[in-house]
Amino acid sequence: MCRNAQHLFDFAFHSVFAPHPAVVSLPQFTMSRSFVRNSKFRHVFGQAAKADQCYDDIRISQMTWDSNFCSVNPKFVAMIVDASGGGAFMVLPLTKTGRIDMSYPTVCGHTGPVLDIEFCPHNDNIIASSSEDCSVMIWEIPDGGLTLPLTDPVVKLEGHSKRVGLLNWHPTAHNVLMSAGCDNIIILWNVARGEAVVRIDVHPDMIYSACWNRDGSRILTSCKDKTLRLLDPRKGTVLFEKEKPHEGFRPIRAVFVSDGKILTTGFSRMSERQVALWDPNNFGQPLTLQELDTSSGVLLPFYDPDTGVVYLCGKGDSSIRYFEVTDEAPFVHYLSMYSSKESQKGMGYMPKRGLEVNKCEIARFYKLHERKCEPIVMTVPRKSDLFQEDLYPDTVGPEPSVEADEWFQGKNGEPILISLKDGFTSTTKTKEFKVHKSLLKTNSTSAASQQEMQSLRKEVKDLKAALEELTKRVRELESNK
């Protein structure tokens, strides 16, 4: 009995005087909260568009080339398609969803397969294309889209000796375009004059990627020799180099992110895909290097400077990973992943001014399947349908801050920002009209002379036919005599 009484006393004592479970778990709860990083983008989710909002029955190009194969802006979506006897791409108004007829007209002026396309950031009707035929062509798309096949470019840029695989418009200078070819040369074009102004020959092997920084005063490249290079675009000189940012042999991609930092994607020696962040002022060690998986597709990075979110889309993958880049270690913070059943053959990324802000849409991708293009919307869940100022700071608009001649002479310009609060359509028409006019006024003479020659040939042909008719008539009259 005494032993049982002692047990009962011990139980009662501990029940009354021992710490309450809630009190005991409080420090643990506090510790767990400290590891959950506070971010408004933690719950971003991706959602594919409904079937009637997709673009169906399009034969996407089967070329094995690691470019996006798709470009999009608030007016159009463009996709590289299969074509016999040359290269072609299709440009559709965003509203033309559903099944696309097989006979829908394409842009088909190249004599070799098209490898890259990109819309001009300062004029939604202008798009550049590059091809295996060693040329770059500039096209003007009418507002309602094409009604006939487009074969004559506004400007044809010739200067590469091998196929041209990369294009990138200058972010702030009007009519400045960068092209990179398999001749290991980067050319900076004054598109309005049709001139190759700068040729950069510092790469010993194939250029995998080339991009501008925010104001277009620097170029970042990755190369098959496994070296990152930071270039002065006007001088064509190398400012910094980083050898082997990733140890593997597969292609590396690199983009500028916030504060001039550099984000790279690549592969380890064991063929594991990696993402890393670098400080150009201290290229010795990465700020962070994370291993992702063992897939073989090259990761294409899309960075949003307004939110600090970077999206990684692998060709051949069926998912999109997204991370937030901050100043806090580990600097690149995993947010989530959008997954689907079908793999992607390419990806287009909508500029911020083309998003639906009333739906808290922070990104929109256009995923290419084998036979269709599918929009994917990234959304921050919010209950209010009012304008969310914290999600939409002033963003880059379509107005250039410097002209091409000024930029090549050394003038830099910061991007001209616009507010998305009151919508964007009210300001686009005047600016597009202005840019469109100035581009047409300064077209290179090659396109104009080509049109003149065609009209002259037609006139000569008509004159020959008329002369033959007159000769025949004279002979008939003479024979009657």
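Using N, Cα and C of the backbone, Cβ positions are placed for all residues, glycine too.
Caution: TrEMBL annotation is automatic and unverified by curators.
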Coiled coil according to TrEMBL, located in which of 341-375, 446-480: 446-480
Structural state census, the domain 'DUF1899' (34-98) (DSSP three-state): 4 helix, 24 strand, 37 coil
Secondary structure content of the repeat 'WD' (157-199), with strand meaning DSSP E or B: 0 helix, 26 strand, 17 coil
Composition by DSSP (helix, strand, coil) of residues within the repeat 'WD' (107-141): 0 helix, 22 strand, 13 coil
